Structures are given as C-alpha cells and as structure tokens.
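Copied over from TrEMBL:
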- E157: active site (ACT_SITE)
- C113, H156, H160: Fe cation binding site (BINDING)
Amino acid sequence: MFLMKDIVRDGDPVLRQEAADVAFPLSAEDQQLAKDLMEYLVVSQDPEQCKKYGLRAGVGLAAPQVGVSKKMASVLVPAPEEGGKSPFTDVIINPVIVSESVQAGALTEGEGCLSVDKDVPGFVPRHDRITLRYFDVNGEKHQVRLKNYPAIVCQHEIDHLHGMLFYDHINKDHPFETNEDMIMIE
Ligand SMILES: O=CN(O)C[C@@H](CC1CCCC1)C(=O)N1NCCC[C@H]1C(=O)Nc1ccccn1
Ligand code: NI
C-alpha cells in the first residue's frame, strides 16, 4: 500500500518525464501497480483509514507520482451524494484524449496535487468536456465522454503522464482571470 512517503514530490525529474506506454497483457508488477494506485484512493477517501495512515485524500493518482514512469493512473471520483454512484472510477492505461470541447472549465477552488506541497493559487483552465480513450487492466478498450469535475480530474492525471503539473496552466500575470465562456466548477 502506498503511503505519503512513497509519493514523489515536485523537483523529482520523474514528474517532468513523458511516461512510457504500458504493454499488454499486464505484467504481474503492472497488475500490482494498478491495484496499489486504486487502493490509495479508496483508503484515502475513507476518513477513518485516511487518518490512520496519515494520507492526503485524493481522487486520482498517476504512476509517475509513485516514481513509476508508465502511462497508468487511478481515478476515483466521489459520488456526488452519500450512497450515490461514482461518476467515474477506473485505472486508465495508455489514455488518449481523442476530442475536447473548445469551451474551457476550471475548478473554482483552483487545484492542488499530492506531489506539490505548496499552494499555488489560481484557476487551472482545462477543457470542460473530453472524450477519453483508454485501456483497463484487462486490456479492454474504453471510450468515454466526461464533463465538468470528472473531466477535470482525468485531465489532471493525464497531464502527469506527459510531465505536466497543474500550475503550468495558471496564468502567471492574472491567475484568476476567466472569460465569460469558461465553466466554473464547484
Ligand atoms: O494527480 C493526482 N493528485 O495529485 C491528487 C489530486 C487530484 C485532483 C486535484 C484537482 C483535480 C484532481 C487530489 O486529489 N488532490 N489534490 C491535492 C489535495 C487535495 C486532493 C483532492 O482533491 N482530494 C479530494 C477531493 C474531493 C474529494 C476527496 N478528496
Ligand atoms: Ni497531481
């Protein structure tokens, strides 16, 4: 199981590399990695377990963040209401955004990252809607259309696989600049 000590922090070159494609069928090692990446999110989103293991709760975790430069990331978008269904949960492998809205979207709270210990204020403009193509751990191909928060989370994770961090997208001079066409996501 991954703990905070296993999470690589900004400054480590692995976070700025283009990660490698994952080969199928998954090696035993890559199967374990996929399990561990998802387990971190499940445990961290359980308040009791989160506290017990001293974790920062997360909704996504990319392999480079645990020092593995491979195109794999876990995503666990919490259910909007108690007992509801998660809008998107999977381990995305060799993900590709095949289409994206012109319309931008950004989290009103800005973004953070488990690999970035400092707060970096500002809106992170992304695409409000994306069509995501990826493979799951069984090698099954998926194509999903996501919008708003789930789309933002997946874009944040896919950025990690290309050596990008959220603050790379923040406008240096006007960090909170928006245009009226930008969807602000609570
Ligand atoms: O690459 C992956 N990461 O860096 C983990 C990030 C991913 C999200 C940041 C913005 C979009 C995706 C993450 O989850 N966070 N960022 C730092 C601290 C907070 C935490 C978070 O948003 N937690 C959360 C939110 C809702 C419900 C439960 N927990
Ligand atoms: Ni991150």
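Any Cβ shown, glycine's included, is placed from N, Cα and C.
In three-state terms derived from DSSP, C113 (Fe cation binding site) belongs to an extended strand segment. Note on H160 (Fe cation binding site): other Cβ atoms within 10 Å of its Cβ, all shown chains, come to 23. Sequence-ordered, the extra residues of this chain that approach the Fe cation site, with Cβ no more than 8 Å from the Cβ center of C113, H156, H160, are G60, A62, Q65, E111, L114, S115, E157, D159, M164, L165, F166.
Here the C-alpha separation of C113 (Fe cation binding site) and E157 (active site) works out to 10 Å. Long-range Cβ proximity for E157 (active site), meaning a same-chain Cβ under 8 A and a gap of 6 or more residues, is found for G60, L61, A62, A73, V75, I92, P95. On its own chain, H156 (Fe cation binding site) has G60, E111, C113, V124, R126, F166 as residues at least 6 apart in sequence with a Cβ closer than 8 Å to its own Cβ. All chains included, 23 other C-beta atoms sit within 10 angstroms of the C-beta of C113 (Fe cation binding site).
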